[in-house]
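What Swiss-Prot says about this protein:
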BINDING   37, 38, 102, 132  [4Fe-4S] cluster binding site
């Protein structure tokens, strides 16, 4: 190829870390873990008005096909082992979004004997979405924040 032909072509220069971060953030497949009224708002996000497909987000029915878990609602003590089991079945790398006051810290039922005071006591949480219940826009903002976090995280570690 002549130098004149190469000058006309457009090249994109980047690092492997930026490329992998872009690919991971652009193809998030969430596993929904709806426990209460926040799950209804999570369903709104999946509808046509917000169109998560444009962000590369497709809800998956199996934890083995997912890389993001959205915990939406009140986590009780009996459900905590199931949450951990589903989290452990997800392949690495995996991320967790805690959606709503109940998932974040127990919410209205904080002092109940049967409620876990935050799902971060069971699984590590990457993004907290506040609200009771949070709006679909708030969850969408949380998903965008998780995408930004994934892009910033180094992929290759020495």
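Backbone N, Cα and C define each Cβ position, glycine as well.
Fewest Cβ neighbours within 10 Å among the binding-site residues 38, 132: this applies to 132. Least crowded of the binding-site residues (37, 102), judged by neighbouring Cβ atoms within 10 Å of its own Cβ: 37. According to its DSSP assignment, residue 102 ([4Fe-4S] cluster binding site) is helical. Secondary structure at residue 132 ([4Fe-4S] cluster binding site), as computed by DSSP, is coil.
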